[in-house]
Amino acid sequence: MENGHAGKHRVAVIGSGNWGSVASRLLASNTAKLPSFHDEVRMWVFEETLPTGEKLSESINQAHENCKYLPGIKLGTNVIADPDLESAVKDADMLVFVTPHQFVEGICKKLVGKLRPGVEAISLIKGMEVKMEGPCMISKLITNTLGINCCVLMGANIANEIAVEKFSEATIGYREDKEAANRWAKLFTTPYFLVAIVEDIEGVELCGTLKNVVAIAAGLVDGLDMGNNTKAAIMRIGLREMRAFSKLLFPSVRDNTFFESCGVADLITTCLGGRNRRVAEAFARNGGKRSFDELEAEMLHGQKLQGVSTAREVYEVLTYHGWQELFPLLSTVHEICIGQLPPTSIVEYSEHTPNLSFVGGSTPCY
């Protein structure tokens, strides 16, 4: 892998929301200490005008704080906000993607031909693109569009807790290139953020993607005041459907991956504390009368819900293959999200055990 002068790597972060800002802060604390990295971390900011009239990127660079998406937390003087995507990445040989998943394809298309040779990427993005030929994971979309190696980092990572350095774990998924995965692990690891590497990129990424759909179900249960036993049942069924769905799409997915931070731990924390759970609770308390779009705008102040769009994408895959009955929880969440079923139906379906031997394979993009 080529890198900057004196053999030092340069890091750029593509995205500056809540998790993007926290990731930039964490990475910048390490690049300042590690001799193999340039101090500066450039963070691409989708430019916005704040209520004060100031540009968000200028505010970040003056205050060293993202007052909109991570107020009250200093990012470090070596985090440089840049509203120009090409400028932000032009010198970097290590790219960290952390934007809402629906924007990745457009961003990648703008970067074609603009990157240095030998660039590597890692995706912190939860979600998938569903194309005619089947589902395409975000890491694969990045690799296919830009022709670069891309690992993934997923885990029980509620951003605001990591921002104040509460202990947390994460999982890096990689395909074949263990050396690249170790380089990313070194860059992300701190005493309060421990990273393990797993050679199962699809398993790690699907865990991070599908848990947001289960978190919607958990939030509905909370909004209906159904209690902890029901919520635990929803989480168990959800984990089982996550595993079955992942293995149908990618037979190489390993069972052990579901016991890493990206699996059961991320599912638990997202069902207890994430934004998908919180907005789904409000949706159920309103009897489904206010849409997720309306609640997202009101409650998240510019942040995006991933669970609702992922539920739709998963449902498209299930419908295409005729798998809805095998995945009653994943199917029901989408039908509730679009108003086809009432929130109470989250516990009214009957369970089916997926009989994997009778279900044909899929054609995910490779």
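Backbone N, Cα and C define each Cβ position, glycine as well.
Per TrEMBL, active site, proton acceptor is recorded for K211. Residues or ranges marked as NAD(+) binding site in TrEMBL: G15, S16, G17, N18, W19, G20, F46, F103, A159, R275, K304, Q306. TrEMBL lists K126, R275, N276 with the feature substrate binding site. Among the features that TrEMBL reports, domain 'Glycerol-3-phosphate dehydrogenase NAD-dependent N-terminal' is placed at 11-178. Per TrEMBL, the feature domain 'Glycerol-3-phosphate dehydrogenase NAD-dependent C-terminal' maps to 200-348.
Between the two most distant C-alpha atoms of the annotated substrate binders (K126, R275, N276) there are 13 Å. Counting every protein chain shown, the number of other Cβ atoms lying within 10 Å of the Cβ of K126 (substrate binding site) is 25. Cβ-based neighbour count (10 Å, all protein chains) for A159 (NAD(+) binding site) stands at 24. Model confidence over the domain 'Glycerol-3-phosphate dehydrogenase NAD-dependent C-terminal' (200-348) stands at 96, taken as the mean pLDDT rounded to a whole number.
The residue listed as 'active site, proton acceptor' counts 32 other C-beta atoms within 10 Å of its own C-beta, drawing on all protein chains shown. Using a 10 Å Cα-Cα cut-off around N276 (substrate binding site), the binding-site residues G15, W19, K304 reduce to K304.
Sequence-distant contacts of R275 (substrate binding site), defined as residues of its own chain at least six apart whose C-beta falls under 8 angstroms from its C-beta, comprise M299, L300, Q303, L305. Among the residues the record lists as binding NAD(+), namely G15, S16, G17, N18, W19, G20, F46, F103, A159, R275, K304, Q306, the two farthest apart have Cα atoms separated by 21 Å. Comparing the binding-site residues G15, G17 on other C-beta atoms within 10 angstroms of each C-beta gives the minimum for G17. Cα-Cα distance from A159 (NAD(+) binding site) to K126 (substrate binding site): 14 Å (rounded to the nearest whole number). Neighbour list (W19 (NAD(+) binding site), Cβ cut-off 8 Å, at least 6 residues apart, same chain): V98, L124, N157, A159. Considering only the recorded positions G15, K211, K304, K126 (substrate binding site) has K211 as its nearest partner by CA-CA distance.
Here K211 (active site, proton acceptor) is positioned 21 angstrom away from G15 (NAD(+) binding site), judged by their C-alpha atoms. Cβ atoms within 8 Å of the centroid of the Cβ atoms of K126, R275, N276 (the substrate site) belong to the same-chain residues N212, A215, T270, G274, R277, L305, Q306, G307, site residues excluded.
Reported as a whole number, the C-alpha separation between G17 (NAD(+) binding site) and the residue listed as 'active site, proton acceptor' equals 20 Å.
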